[in-house]
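Student: Found this in Swiss-Prot, in case it helps:
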{"type": "ACT_SITE", "residues": "His95", "note": "active site, electrophile"}
{"type": "ACT_SITE", "residues": "Glu167", "note": "active site, proton acceptor"}
{"type": "BINDING", "residues": "Asn9, Trp10, Lys11, Gly173, Ser212, Gly233, Gly234", "note": "substrate binding site"}
Amino acid sequence: MRRPMVAGNWKMHGTRASVAELTEGLSNLALPSGVEVAVFPPALFINQVIDGLAGKEITVGAQNSAVQPEQGALTGEVAPEQLVEAGCKLVLIGHSERRQVIGETDEVLNRKFAAAQAKGLKPVLCIGETLEEREAGKTLEVVGRQLSSIIEAFGVKAFANAVIAYEPVWAIGTGLTATPQQAQDVHAAIRGQLAAEDAEVAAKVQLLYGGSVKAANAAELFGMPDIDGGLIGGASLNADEFGAICRAAGN
């Protein structure tokens, strides 16, 4: 039985004051015990959030990490080693904004994935298609290629210690959302691709949906058999809204 997971990606939002307010709101939530809850604050606020959530069942992760596991001469980056020391347990790899805006390639993301696992960080691999790719009927081709990049480099068992988030690029921050059935179809294809390599890994890996998830649509999305929770963007910046999404996952 896969444990539901709800992860909040705060992206490049927050000041010291607003992060303190959000963290306090999260610490006061009554969260369902069966749901794995995580937040990914900007790197500058990771320590503040970890301190503010001390004693709470909320995991803190990083939005990005370096291509090498250890600290060293790599200006502007944060090493997995450093994130682990700070208290992080998870790291986002390949979010569409990193792929589309920063230009990170599958090769770069493979290195980040491996570096994170080498230091005990669990990667949350983000995959998904653009609107143009969906309209061209290439959704499964694109998602399959992004998944295959990791499988070919490290083997499918790399996903025994990873999470996968399907996030259609056209549904991120646009207000557009894949229908529950559209999302389920892609999630089923992802799980099927993994199962062709290793049925046990496929059955256990958590598959999250990301793309304008909010309290109003979370329950219907999370009710799909291959959707194990969500990677939440804007709605995670409101503690009450995020709490409602977590409760939807618990149901």
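Sequential numbering from 1, following the chain as shown.
The backbone N, Cα and C atoms fix where each Cβ goes, glycine too.
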Student: Per 10 Å Cβ neighbour count, which of the binding-site residues Gly173, Gly233, Gly234 ranks highest?
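Tutor: The most densely surrounded of these binding-site residues is Gly233.
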Student: Identify which of the recorded positions Lys11, His95 has its Cβ surrounded by the largest number of other Cβ atoms within 10 Å, counting every protein chain shown.
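Tutor: Highest number of other Cβ atoms within 10 Å: His95.
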Student: Which are the residues of the chain, Asn9, Trp10, Lys11, Gly173, Ser212, Gly233, Gly234 excluded, whose CB is within 8 A of where the CB atoms of the substrate site average out, their centroid?
Tutor: Ile172, Ile232, Ala235, Ser236, Leu237
Student: For Gly234 (substrate binding site) and the residue listed as 'active site, proton acceptor', determine the Cα separation and express it in whole Å.
Tutor: 14
Student: If you count Cβ atoms within 10 Å of the Cβ of Trp10 (substrate binding site), leaving out that atom itself, what do you get?
Tutor: 21
Student: Within its own chain, what residues at least 6 apart in sequence put their Cβ under 8 Å from the Cβ of Ser212 (substrate binding site), listed in sequence order?
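Tutor: Same-chain residues close to Ser212 (substrate binding site) (Cβ under 8 Å, separated by 6 or more) are Ala171, Ile172, Gly173, Thr174, Gly175, Leu176, Thr177, Gly233, Gly234.
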Student: Name the residues of the same chain, 6+ apart in sequence, whose Cβ is under 8 Å from the Cβ of Glu167 (active site, proton acceptor)?
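Tutor: Correct list: His95, Ser96, Cys126, Ile127, Gly128, Tyr209, Gly210, Gly211, Leu231.
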Student: According to DSSP, folded down to helix, strand and coil, what is His95 (active site, electrophile)?
Tutor: coil
Student: With every protein chain in view, how many other Cβ atoms are within 10 Å of the Cβ of Asn9 (substrate binding site)?
Tutor: 26
